[in-house]
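Reviewing the structure listed below.
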Amino acid sequence: MGCIFTKPSPEQQKFDGEDYECENKKNLNLISYIRNLLFGNNSHQQLYNEIIPTTTSTTSTTTNSVYQNIGLDGYNNNNNNNNNNNNNNNIMNNYGYDDYGYSYEEDEDYYDEMPIPTIVAQPQPQPQPQPQPQPQPQQPIRIVSQNQQIPTTPPQQISQFNITGNKSPSSIGSRHRSKPKETLRAHKKRHKDGHKMVNEYVFVRKLGKGTFGKVKLAYHHDTHHLYAIKIFNKIRLKKQTMGIGRPNAFDDVLKEIAIMKKMNHINVVKLYEVINDPQEEYIYIVMEYIEGGSIMSANETSEDLARKYFRDIVFGLEYLHEQKVIHKDLKPENLLVNSEGVVKITDFGVSHIFDDDDVVRCSRGSPAFLAPELCRNESQPISGKGVDVWALGVSLYCLIFARTPFISKTNSLLDIYDQIVNHEPTYPREISNDLMDLFKRLLDKNPLTRIQIAEIKSHKWTTISGTWPMNELDHLILSVTDQEMIDAISTDHTIKPSDNTTTDEDDSDLSSSSGGESSGIIGSSNESKSMYNNVNSKQKIQNQNQNQNQNQNQNQNQNQNQNHNQNQNQNQNQNNNNNSLIEKSNISIPASSSSISNNDSCYENRNVYIKDEEMNMICNDSVIMDPIKELNKIDGLNYGCDFQIGKEYSDFQYNSGHFIYDLVDENESQISRESANDYYLPFKTNKYLNNKSIV
């Protein structure tokens, strides 16, 4: 370049214009640009544009819009070129704010956004085209502050003309990845700019909501890498039941963590860290941030781009099935695309882990994506792999036509089920014959003849008539056992809840917990055979300390035992009343939804007597309560038992029916006779037991 410059003195903080001489003054702007890259200046973008003018509209779109469309409005520079973004593949236009939804009950917390500091990621000149290397494990996106400006090469733009140039991801499906980190301390503080922090993560904004929690965008204070962090209130998770056979929603979180810990594939979202402080109410799941958002857009997608996305999904889905995981909620909202056009599967909250066969027994998932066999009122084994393949076909249909194939005319679930079971999809526009054939095989209503993953990989449309083959997977099969699900987080399993666990303030998940008695939230223990044992032992100790109070109730116990005997005799007649209960519930669900797993149990040494409004016994279980066996005969009921230790109230929850029930302790002393109408009943435990734990 022919430039000579003097070295700055130690006390100088930046280059001065007089410290260098340039033989060719045309290079002055370039030197200034380099100087500002190193030491910072607000005019760096203007200098960059002067030195490296836009040569084509495509290059301009890629350079100027990448950093404005990574899902960070507050991280844009002053040159707002959103209106000039002509990227036809819609990768950068999908911000993904609402695409981190997942299958837990909605948390009503609303994020109190603070002003976001200006953080600039400076692009550098595009290098000369080089042969495309073997794909490498993707690193988290990196952002930098004004005081630390680091050039970043813009991601490669994916278009309909170069998508076949990407190498198959199957060859790196087994690449080495460090084990996700587990942290048992959550140190909460404020960043110097006012943003909330947990450990080294600085929270920026909320990306989306799900059931029981939210997802926030954060960056690592030291590395400036971006992450998506799921935040859950463990008390709320523990208190909520998700249906018959499911004790609480915390199991779903444990299962998702266990599955993500095992996953190591380019087309599956990565888990980096789990922060689970036993003294805090919240658990934080640090995941890979996918800046492009959902693959779904408001516009129809070309077959070429849809094929590229579809192949990525097939690779990821094949990997999940090889790992004995059924996703069960495959849909565009759970298929995220990064800036390089790579699709990644996320949200394993309702996923199913199978051992010898892939049979699923419930229809948890989005109704519009349910397979016909899940919508029929039949009791037969259902292949989980076939369910995922059907959802794959519906997702491809959404990509091509920007709508779902089965739409209810009355906004009724039953109408959607009828459309799925009894009607064929329509095709709004002309598509290729190969794609039409693939749709017919993906959306085959007979699960026995529906196309399988191996056939999808060799289909003419997927491979462009064999010119773009999909290679075989090369990876190590890793199974997820039930014990690994229980041990997904290994902590001391009690926390100190806040005074009000139902607060709607968003600060609650990022502020220190107040003092209080243990709420009995359980993770797992290597010595535990059940995730509830620790709470059980504590309850037994508390029960022993309450013997004096219990002795005062002996007379009442004798009367109660007589009532129990009468109730047990009435229980023999309960089957005759089941139909009337179903009619009262006004709930109509597929038979597959009421299939029960027998691994559900509540806490030890507790009896719950539940009667209907005519005082007929519904269930009477003790020692290790398993009312599911009794309620299995009553289709549509959602029985829940979850009472927190030392809390002012807890939830006794139903989804249908009207009941009067007696709640008793392990000595069969009557605690209360209450009525439950439909969905929700707050039950005051302190009033009856003086902080004694009950379930």
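Yeah, the Cβs are placed from backbone N, Cα and C, and that goes for glycine too.
Keep in mind the model is a prediction, meaning the values are calculated, not measured.
Residues or ranges marked as region 'Disordered' in Swiss-Prot: 119-138, 149-192, 491-580. The compositional bias 'Pro residues' feature in Swiss-Prot is assigned to 124-138. Per Swiss-Prot, the feature compositional bias 'Low complexity' maps to 149-160, 510-528, 542-580. Annotation comment: Swiss-Prot describes 161-173, 529-541 as compositional bias 'Polar residues'. Among the features that Swiss-Prot reports, domain 'Protein kinase' is placed at 201-462. The annotation ATP binding site is assigned in Swiss-Prot to Leu207, Gly208, Lys209, Gly210, Thr211, Phe212, Gly213, Lys214, Val215, Lys230 on the grounds of sequence analysis. Residues annotated as active site, proton acceptor in Swiss-Prot: Asp329.
DSSP gives Asp329 (active site, proton acceptor) a coil state; it is part of no helix or strand. A gap of 16 Å separates the Cα atoms of Lys209 (ATP binding site) and Asp329 (active site, proton acceptor). Leu207 (ATP binding site) and Asp329 (active site, proton acceptor) have their C-alpha atoms 20 Å apart, to the nearest angstrom. Counting Cβ atoms from all protein chains shown, Lys209 (ATP binding site) has 20 others lying within 10 Å of its own Cβ. Each residue contributes its Cα atom, and for Gly213 (ATP binding site) and Asp329 (active site, proton acceptor) these two points are 18 Å apart. Counting in whole angstrom, Asp329 (active site, proton acceptor) lies 18 from Val215 (ATP binding site) by their C-alpha atoms. A sphere of 10 angstroms centred on the C-beta of Asp329 (active site, proton acceptor) encloses 22 other C-beta atoms. Note on Gly213 (ATP binding site): other Cβ atoms within 10 Å of its Cβ, all shown chains, come to 27.
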